[in-house]
């Protein structure tokens, strides 16, 4: 069948099915994603601006938080504006070149966030478990290198996968069963051999999700062990409250990525693919400011 499809005209654009299967709630979905996008942008900008302008927040922890918030604004802006425009115009077509552009940004920013969350977990580990060594280890140069490495690693991994995609031929169905140009549903439409690109994607995704998730869990395990040995019950409660909320955010982000990209696509999970994708692209950027920053007293004081 692939040989027969190879004789057909190559597809140069895709149709993003988005949420067309539920036409009765299109307006409600538009309002939901619009409110989500505006709230995400405002919430994250409320973190970025004080971190940049307030001298008291020029510390490693807030440097990481500011970069995470800026990354979230970029990640959300790479997906939701196009989705909102499709609701208004009823135009769900995207060219092959636009797909590659969106993919390199979306996957690159997701990879950068995976690295940055692991870096922040390590920062919390040093703060709680190695407080006397923290200042010597987490200097300005180290923080800059860790953040730069997170961005570069994510974008480099994305560029590697995206550079292989022009070799794929699309000559059959061109309907993407998602609301943005994700890797899995697009590669399944190809009528050429996708074995190598899927292998490369699986290896890189495993490195950026499973390994970094385990590193983050290990950091919080050490933190929990240290907190349990604190003599003050008030200190234990405060530390557990902060770390549990951070661990919730980390688990939500890594967990949804693992389900979407690493768990085999059974029939049930295939139907829930959009739900998990919404969690990655819309829910996580929305709640991260609440989890990591807006509950922080230093951030609250800077905002006031």
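Cβ coordinates are placed from backbone N, Cα and C, and glycine is handled just like the others.
Looking at 175-194, 275-294, the stretch flagged in TrEMBL as transmembrane segment turns out to be 275-294. The stretch that TrEMBL tags with transmembrane segment, taken from the ranges 61-80, 121-140, is 61-80.
Per-residue confidence over the domain 'G-protein coupled receptors family 1 profile' (43-292) averages out at a pLDDT of 86.
Put simply, of 61-80, 244-263, 275-294, the stretch with the most CB pairs closer than 8 A to the transmembrane segment (100-120) is 61-80. Note on the transmembrane segment (61-80): residues 33, 36-37, 40-41, 43-45, 47-48, 51-52, 102, 105-106, 109-110, 112-113, 116-117, 119-120, 123, 127, 143, 147, 150-151, 179-180, 281-282, 284-285, 288-289, 292-293, 298-299 of its chain, located 6 or more positions outside it, place their CB under 8 angstroms from a CB of the stretch.
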